[in-house]
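Heads up, the thing below is written out as structure tokens.
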């Protein structure tokens, strides 16, 4: 891994549905001129897919940082990355930090006596500048999503998208290649349901090679909800989304190893974000996995067995700040643009690219906010969505509004 | 780490092996004697023959008078081998790799050459310390390395080339992971520039083996070799042992470099999680539970193989009966009156009875495998469970313990023995009533078998072997009925005497594992109890045995069937034979294949025995014949392994 370290950020956008082929491959492992290539891959929402993709990179010795269907490095593009930084502060340095936060248009998400957690979005260059400026205050923890990117639209083009809405473009023929994707899902279910062709023999004889019950009462918790799928409160079985924060060595194959353990043991990844951590040579992986406290506890033990793993923490039951970044491209003609911008301003989303047939917005926030915005923009026609996984840091303040919900506070 | 260190007691010093091997190689394979390091100058012209492009400048001849401080430690015992390179002399990556192995104390490797590992083999010929036992299949190599490790406790090393060589290691790696056997597998890889191009004989073995190794490495810098090799050996032997794979691209094997042997290992996360010495208060708690219990039973497994002394002391102090898993056989002598032998699906009735009726289950170094527990809810349902294991992920994985300690069983037993002694447990603890209850079961349901006329019951063959070897032989097996019989009827006296593929259940394990055991224990009696199906899966290793003249006895229990599957067919599929007959269907009266001819092809003496009366003589003859021997014991296929608790079933049979 001496030369070509390909920075690819692993952010899986679940909202966008199913697998599509990667069109451009990465350049060979030869030149000493290292370039960062952004490759978008849209993937099917099934257990193990992330691992397979990560495997392709790791096998060739590349280091991963953004998984979304075309090599768009050479095209004009919107690049954004999200970073949560926890800093040590004391009264003397606080004003300067606040000033810097202001300059970089960051937001404070949590504050306590000695620490400050801030959220910054921007392109990789800005991230580097932020880090350089803040490094003197001693960065305590750092969680990054890695970069996501959407292509900038040229003026006067028609939409090349694979999921446009006919309503937005009545002038275009509806040639939706979306059918390909739906068949994939059907397969998925077929794969689960068969396997008990010999069920009668097994149940009557009581003598299968493995001591398991027949398949009927065995339900696999596949994807919870293909779109958002997060369970904040546990349901009756104790199932809920757990947020794990891990520190790993930054070497090729680590992501694959981590996702391998998760998929091999039958867990499903809802969200995954990888980025450099506060220390050189370490990466922080933030991932969201549904499970019960017990099953996630076992997963943590198995993750601990990885040699390249430094630390795993299940921060679900601690107050933590979580943020996610979304770039969303909406098909709107100039006529409807005003409406979209109105909605955007309510959500404090920023317009980052505009053409005569689309507009691209950038939004940070927690998952519910993403979902709400996307739902509102749906009628206009969403062309593309790129989301980072969630990044999360424990709140030093110890306060999380989610925990206050049960209390009779005046609202 | 401690696990590996304590086990050295069973091994026999190596020098004799070396003498024999070096003398043999000088006779038979003259081509390989040339680059042996007796005369360092000679290596130079030889090496220039196969330089391709990486090496441009000729290396200066080794002065050989100067000692490098570290290599002198490894060569002090052998004055005829001066260091091959001066400390600051650049050498090939392959030579660095081989020297790194020497520094880990490796004396034997199981390596099969190929395009991408030639350099390593060339370097091996320059090593005066390491002997290569050439297997005839990479799978044989990795199983032999496992046999070596299982029989000696030291890490086994196997080497294969890229592509098919590497993929042939897969079964062995998976086997070593499931049975926690320390092995280090080294594979050649295509040159770095060609990685990812689907080059000739390229497989991404690091990817392939990721989920079946404890850890693996792709070497991308020649300077990393010393660190990676020492990390690999440390990982393989420390904590819960397991297989580690090192993938070395060919251009790195050829690259010249000066090794820095002082690079420290970098495993901060792993080191911080290595199990600590057990907490005394937990051990006190366990002892208290023992004092409170009326029907305690020990359930010991492969984790106890390095602590048989402490285990025996613990049993003496407490008088608790011992049931063993398949992997744990020998950790406590099977013939001991407190031994309940094996438990689980094919375990003894009394062992399973004891677990079922117990009120305290002391699970030491075990993982509650489904072959042992059957239905989890019904397993030890009346008992409090104490679980001690070195791997924290095992604790509570299948069965929730009441008290658990994550530690090396050896330390835990030491601590508990100390507490028990201080409490004067021996005179206070009294489990006589419980032992009598079990003894009654023992006499009511002993291990037994039926006899059909003159036919040889396979169980009887193993009993006779046990008698004639006085229970002292190292036994390896394949997988299937014969494996279970060998587990039931041979009375193992000490750990590392029983080599079997437990977790993975890989057929073809027996013969190569015996090779490894014989290499690790020259002079010991090694018997491969094999089935006809398993034997033929790695039959090519007969050639290895002959060439290395390893005194391995093969006792083949030949029933012409894939016995264990056949047994299941008999019980659950109305005896419908679904491709489980391994003979020739057109000539069922004859034995097919003729195993004796396999032996003959490799120059190994062999005999067949079909009548019960002739068996004892035949086995005695096998043991008396010096060198390898194949005894084809024809047994009836109607035999079933009993007792048997089908999965999901309960104890009641």
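Each Cβ is built from the backbone N, Cα and C atoms, and glycine gets one as well.
Model, not experiment: these values are computed from the prediction.
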**Request:** Out of B:54-90, B:91-127, let me know the one TrEMBL marks region 'Disordered'.
**Result:** B:54-90
**Fill in**
Grouping DSSP H, G, I as helix and E, B as strand, the residues of the domain 'Thiamine pyrophosphate enzyme N-terminal TPP-binding' (B:92-202) number 50 helix, 19 strand, 42 coil
**Asked** On the 0 to 100 scale, where does the mean pLDDT of the domain 'Thiamine pyrophosphate enzyme central' (B:283-414) fall?
**Response** 94
**Prompt:** Per DSSP, what is the residue count of the domain 'Thiamine pyrophosphate enzyme central' (B:283-414) in each of helix, strand and coil?
**Reply:** 49 helix, 27 strand, 56 coil
